[in-house]
Amino acid sequence: MPTLWLMYWLNYLDRNAIALARLNDLEEDLNLSSSEYQTCVSILFVGYLLGQVPSNMLITRVRPSWYMSGCMALWAVVSALTALAKDFKGLLLVRFFLGVTGALYMLSIFYTRKEIATRISILYTGNILATAFAGLIAAGIFHGMDNLAGISGWQWLFILQGAVTFLIAVLSIFTLPDDPLVTRWLTEEERTLAHERIVADTVGARHQTSTFSGLKEAARDPKIWLFAFMQHMHLAANGFKNFFPTAVETLGFSTTITLVLTCPPYLIAGLISVVWSWSSGRFNERTWHITIAKAIAIFGFILGCATLNTGARYFAMVVFAIGTYAVNSIVLGWVSSTCGQTKEKKASSLAIVNTIANASFVWTPVYDGHVLECCVLACLCGQCVGNEDVAYSGE
């Protein structure tokens, strides 16, 4: 769990760097228009989507520790190479190859239905804390290293984060487990127990099949498509994070203060998301946990649109961050616990849901004025409707 968390944290630190680099003259240095910047944000998810299903199918047939560490090393190099981009085409190319897959599948083979949502939530605090501390890290780099050795602050940001990510990728080869039955630091008895409790907890558990059979089985399960719709709508509402530093900048503070102010909403949201997911697992309830969280998010978005008061707007940012981040792990835990009869189907199910969900990040950066807020509210309402459909058809 600690290794996966660190990998996830670094992945989102590298992903979110572009939003922070924008505050350090990235657009001016590369002569980017606003639409070109939005395209560079979106293109990451195109590469991520294309690799999701094949990657999760492959991870059931290779050693996950080597596969995920290799992927991490590659994205570290790609992230560092962003510093060499000279124009729109160069930035677009390197952004296409950023991404990480397989972490959710690895958690699902070690934790039961009641445990998985909390563990996914803890994993996703890597995303939240990366987004939170990215601003603080960037503030330090921009302040102390801008134009050092003739290199811009935003370039140093990509170089340093890429170097650290590569180092952790090498170390993770030795710390990531591959399967409960071959985990090095467990005794033989503990390995057997870890494996058998997952088998006993899986609804309709069967022996493994081929990777393509698992994919076909997942694609034929109607629950998968309801889950995919729910998660797509949820992540559409969560798309604000790609522009959050820019949104906070509208409060009128300096660049350094703006970067610092991006931190608290994510810290609070991360803490509450873990508690909320634990509550969902503890009471074995998902429908109302998801619906209430979305109602909180809607309130935050409405408040942010309805006032020009600086304090109230910042409070609204905290509220909608809490409401959106509280849901992610619960939905994905639901997928893992109800669509995992074989490990091949489980891996494919998670990949399909994640692929369709992350497709929302391709279109959410393209907005004009308050159309974004309207889209977010529509997405939230649609997600709640999908949530009710699954509640009546699958729990």
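Quick reminder: no glycine exception, Cβ is built from N, Cα and C everywhere.
Residues or ranges marked as domain 'Major facilitator superfamily (MFS) profile' by TrEMBL: 1-395. The average per-residue pLDDT of the prediction over the domain 'Major facilitator superfamily (MFS) profile' (1-395) is 77, rounded to a whole number.
Annotation comment: TrEMBL describes 65-85 (among others) as transmembrane segment.
Marked as transmembrane segment by TrEMBL: 91-110 (among others).
For 122-142 (among others), the entry in TrEMBL reads transmembrane segment. Only residues 6 or more beyond the boundaries of the transmembrane segment (122-142), in the same chain, are considered here, and those with a CB under 8 A from a CB of the stretch are 1, 4-13, 16-17, 19-21, 23-24, 103-104, 107, 153-154, 156-157, 160-161, 241, 244-245, 255-256, 258-267, 269-270, 273-274, 325, 328-329.
If you look up TrEMBL, you'll see 154-176 (among others) marked as transmembrane segment. Tertiary proximity for the transmembrane segment (154-176) is limited to same-chain residues at least six positions away from its ends with a CB under 8 Å from its CB atoms, namely 2-4, 6-7, 10-11, 13-14, 17, 20-21, 24-26, 29, 64-66, 68-70, 72-73, 75-83, 106, 137-138, 141-142, 145-146, 148.
Under the heading transmembrane segment, TrEMBL lists 256-278 (among others).
Here TrEMBL flags 290-309 (among others) as transmembrane segment.
Annotation comment: TrEMBL describes 315-335 (among others) as transmembrane segment.
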